[in-house]
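What follows is one structure encoded as structure tokens, with my remarks underneath.
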Amino acid sequence: MYMMFNRVIVWFRNDLRVHDNAPLFNAVQKAKEVIPVYCFDPRNFSKMELGLEKTGNFRAKFLLEAVTDLSQNLRSLNGDLLLLKGKPEERLVDLALQIHADAIFFSEEVTSEEKEVEFKLEQHAWKQGIKTSSYWQSTLFHIQDLPFPIMQTPEVFTQFRKECEKFGKIQKPLPVPKRIPFPKEKFETIELPKLSTFGLKEPVKSTRSVLEFVGGETEGLGRLQAYFWERDQLKNYKETRNGLLGPDYSSKFSPWLAIGCLSPRIIYEEVKRYEKEREKNQSTYWLIFELIWRDYFRFISKKHGNKIFQLTGIKYKVEKYSRNESLFWKWAKGETGIPFIDANMRELNNSGFMSNRGRQNVASFLVNDLGMDWRWGAMYFESMLIDYDVCSNWGNWMYVAGVGNDPKDDRYFNTLRQAKNYDKKGEYIRHWIPELAAIPGFDIHQPFELPPSTLKGYGISLGVTYPHPLVKLKAWI
């Protein structure tokens with residue numbers, strides 16, 4: 001086979017896997033030697049507004065585990081993973097010059113910070129005579145297989161989904177390379193950083209967490225195997241996906257999808273195999289439906305660019321909002337005095353995860369009930385979530401704030417009604433707010449409606465053992 005390149009660097013980004021990896025697969029096809037690299041960019045571990053860590057300790061730990069696993073998987077294929085620290089657009093070009101690589105292959109991202117790095121990398125590389133090649137690979141539908149150009153991506157999800165399902169094409173996942181032609185010479189590499197390198201503390205493991213999330217392709221594929229085949233939960237997905245407790249009410253693939261330990265196409269292939277070998281029903285379709293939602297947010301973000309980070313969103317809609325830090329931190333710490341909100345925020349703060357139902361409710365509460373700037377909530381999620389995905393996170397927050405492309409203007413979530421629908425017996429509250437556990441039944445969701453004497457009998461005093469509610473709205477009655 002004719003090799004186009006002597007030596008290619010494969011820069012891993014949010015594609016920390018060897019299966020269905022376009023830059024890696026193409027490099028192995030086109031180069032005599034392939035050198036996989038991961039670069040820790042200090043900008044990803046900087047502080048944001050309100051002093052929030054851009055990458056909090058749950059996600060940072062998950063990332064370090066994923067990089068370790070990737071390194072092991074590459075070694076099993078005769079390869080290795082070089083680790084760098086610094087600005088990738090500089091460090092990768094320096095490395096290419098140092099080791100005489102003639103090209104850098106990488107996966108394409110969508111949003112401004114990542115695109116800026118790509119642009120600068122291509123500029124620096126071009127000046128030094130180093131070729132670059134970028135690959136689209138983060139979505140179920142490849143960008144070239146969409147039935148419309150990006151700038152004509154339908155604004156409404158239903159239309160996007162229907163057109164993709166009818167006219168789009170889902171490519172087969174790329175195979176794992178049989179062998180990586182890694183050079184025999186020694187290369188400089190840094191040791192895997194510790195959390196403390198980034199000024200982060202080791203997260204305290206919570207026994208209340210729905211699942212112990214461990215980063216890496218091996219764990220991601222293991223979760224896929226367990227959820228679909230060993231525990232046979234896929235057939236119930238549509239009925240259970242709005243749950244709040246336990247490991248299997250939803251797939252929980254999102255942390256591995258977010259940094260590319262799992263490919264959406266490999267999940268799709270497994271769903272199709274499950275339908276063939278076990279059962280095809282609404283639940284199997286619904287999991288694909290959720291992957292299409294993920295695609296939708298990514299393509300909408302590509303279409304609208306930086307608008308997704310602006311107060312007015314992609315609707316250019318101006319709403320009055322507050323920037324009351326004291327109020328915001330009560331929400332963030334789970335001290336609102338509204339148990340359904342507080343339990344969800346405690347879960348996030350103690351595990352890095354929260355159910356989709358919980359995310360919608362706490363976002364609606366912050367924006368609609370407290371009247372806060374929705375971007376603060378999006379930033380808090382960015383810092384805390386183990387499965388943070390820039391497009392899905394900011395897209396969903398825009399939706400709730402009414403500045404996204406939702407045909408419905410009002411995405412208000414009535415907290416008590418939601419609690420009644422999804423936690424009628426209060427089991428979720430007892431799990432995360434044990435100080436309220438003695439209150440029976442649904443009353444646990446509304447301690448502020450109980451007389452002080454009744455609360456005293458349960459060992460509860462509002463304002464002492466549990467906060468008074470920040471708001472109590474007529475809409476909840």
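Here the Cβ of each residue, glycine as well, is placed from N, Cα and C on the backbone.
TrEMBL annotations:
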BINDING   TYR237, 250-254, 290-297, 387-389  FAD binding site
DOMAIN    6-140  domain 'Photolyase/cryptochrome alpha/beta'
Give me the mean pLDDT over the domain 'Photolyase/cryptochrome alpha/beta' (6-140), rounded to a whole number.
98
Relative to the Cβ of LYS252 (FAD binding site), which residues of the same chain, six or more apart in sequence, are found under 8 Å away?
VAL210, LEU211, PHE213, ARG223, TYR227, PHE353
Using the structure shown, find which entry in TYR237, TRP293 (the binding-site residues) has the sparsest Cβ neighbourhood within 10 Å.
TRP293
Residue counts (helix, strand, coil, in that order) that DSSP gives for the domain 'Photolyase/cryptochrome alpha/beta' (6-140):
63 helix, 33 strand, 39 coil
What does DSSP call GLU290 (FAD binding site) in the simple three-state scheme?
helix
List of residues, in chain order, with Cβ under 8 A from that of GLU290 (FAD binding site) and at least 6 apart
ARG241
